[in-house]
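Asker: Mind having a look at this structure? Questions to follow.
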Amino acid sequence: MASTGLPQLPPSQKAVIQSEKTPGAFEVSENRPVPVPKANELIVKVSAVSLNHCDWKMPGRVPCPGAVDGADYSGTIVRMGEIAALKSGFQIGDRVAGAQMASSRRRPWAGAFTEYLRDEYDMVWKVPDNLSWEQAAAIGCATTSTVGMALWISMKLPGTPENPIKEPKLVLVYGGSTASGTFAIQLLKLSGYKVVTTCSPKNFKLVEEYGADKAFDYHSATCGEDIRAYTNNTLEYALDIITEARTIRHCYAAIGRGGGRYCGFELLPEDLIATMRKSVKAEWVMGLEMTGLEIDLPGGYYRKANPELHTWFCDWKERYVALFGSGKTKTHPITVRQGGLEKVIDGIESMRRREVSGEKIVYPLYIKGC
């Protein structure tokens, strides 16, 4: 890697890591090494990070003491490996965004909550000029890739934003006021679908602004039955962002008598699914699969390497970047919190306590004016 004439990088950096002493807890390390890129990698100086539920869920389920945490980020390319420099189309100084495969036993260095990170060049995307650091970090890759996988790989929906269906069909997005939910709603509307969704009544206006045709209160014990009545027993597709026993039951209750497809964002409880209608095909997706790498996680999360899915992601990435760049889709509502990496842990704990609703928490790491 040639670095002649480039500013020297510091030898060490700060990072939010999984606690060495307390499983599921986090701490700020002051002396993590600044990475050196492999041939197909970039080094990115991180400008902003956003929070996802996986930032606290996965470390709790699969503790990796000392591993860097965090998925979504935006930042500036400061170094490039030889292959990345030749093939990526990027240049030093480009604004990029992406998602890290954090909390990995094989890749403990991988994580967004740090000052400098390394990433494969085909896992990042160039940030359009109309997006700020904070907006780009809020998009990241985790949400966009998982939603895309759910709609077109798992649920096999006909129609895309580029080629919408001509006769609208109904799709349920359970958890519409989440970042994944508002993105899914927008994609479905662009693809020609009618969208029913669930959220708290305080967020009805929010999901309607993003395109939902009808919102239902997920607190209601008859939520699923109410959706089934509203859709005249014809609903075929349910995307469950939340994926808990209660939400699975609601989604199955909403799907019409003819059956259909259900897709969750979490490992499905086999004992529960075994008791549900066989006319509904149930699957779940995991955004980490977009890397194409083996996902070496226990407890049902293991995945074989899937290079075909990575190829799909590389195409999908260019498509959703174009949607945001053209203004056809917009980011989830953002709440910017100051304090840098030292305060990221507070945000993670807020999410763990379920205090975040209808907003995406973003922490800028850059100095204004620089």
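Here the Cβ of each residue, glycine as well, is placed from N, Cα and C on the backbone.
As annotated by Swiss-Prot, region 'Disordered' applies to 1-32. Marked as NADP(+) binding site by Swiss-Prot: 54-57, 177-180, 200-203, Y218, 265-266, 356-357.
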Asker: Within 10 Å of its Cβ, which one of these binding-site residues (C54, A179, V356) has the largest number of other Cβ atoms?
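Answerer: In terms of Cβ crowding, the pick is A179.
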Asker: Which number gives the other C-beta atoms within 10 angstroms of the C-beta of K57 (NADP(+) binding site), all protein chains shown included?
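Answerer: Total other Cβ atoms inside 10 Å, all chains included: 15.
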Asker: Could you give the number of helix, strand and coil residues in the region 'Disordered' (1-32) as assigned by DSSP?
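Answerer: So the counts come to 0 helix, 14 strand, 18 coil.
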Asker: Given a 10 Å Cβ-Cβ cut-off, pick out the one of the binding-site residues P201, Y218 that has the most other Cβ atoms nearby.
Answerer: Y218
Asker: Three-state secondary structure of V356 (NADP(+) binding site) from DSSP?
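Answerer: DSSP assigns V356 (NADP(+) binding site) to coil.
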